[in-house]
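Each remark here refers to the structure printed beneath this line.
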Amino acid sequence: MIEVLNLTKKIKKTTVLDNISYTFEKGTIYGLFGSNGSGKTMLLRALSGLIVPTEGSITIKGEQLHKDISFPKSVGLIIENMQLLPQYDAFTNLKILSKIKKIASDNDILDSISRVGLENFNSVKVSKFSLGMKQRLNIAQAIFEKPDILLLDEPTNAIDEKGVAFVHDILLQEKKRGATIIITSHHKEDIISLCDIALEMNHGRLETSEKVIYKKDS
């Protein structure tokens, strides 16, 4: 669970996150939609600990970010312009990350690669991957440690229809496992097709009126 209270982030004189308060529950898929510059990616960066709020707090599983912990534990993250290592193959990219985090076995890595449909490309250099394949590998990186929280910025961007089906299936499995999942998109329709709750970002504000929250029927 993630509890956000009066979260504000200012960059110079610009308010990029504006007094956001919301609780993201476990076992739920949340979708943030809104135009470019609305604050979607900035909110994910704040929730991941990559940026420090100007005001307010973020509490994850009882621990307050930047007070009790610097970075939340067990978070899978995809953000815009996330870098892969093009000189290495798919398996090695995840293996290097697992060594840095000191988590996950080779079997966990292979399973994650298979779940995103790249099992036949383990030994292929990432430099030869299409944009869609790179995005799927990013998703494999996000899920291979079985995180409690998934923060995914445009996870289906550049992915073909078959790849989108893979991603949706993966996220539904992660939801069943009890993960808190937050994804972003420019399109409300894309959010509604997958998410339990859709929330609109607008000029740094998280709109939570009934007009813009969609709750999927049980």
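Backbone N, Cα and C define each Cβ position, glycine as well.
The ATP binding site annotation in Swiss-Prot covers G34, S35, N36, G37, S38, G39, K40, T41 and is backed by sequence analysis. The Cβ neighbour count for S35 (ATP binding site), using a 10 Å radius and every protein chain shown, is 12.
Among the features that Swiss-Prot reports, domain 'ABC transporter' is placed at 2-216, with the record citing sequence analysis.
Residue environment of G39 (ATP binding site) contains 24 other Cβ atoms, counted within 10 Å of its Cβ in all protein chains. When Cβ neighbours within 10 Å are tallied across all protein chains shown, the highest count among the binding-site residues N36, T41 belongs to T41. With all protein chains in the displayed structure included, the most crowded Cβ environment within 10 Å among the binding-site residues G34, G37 is that of G34.
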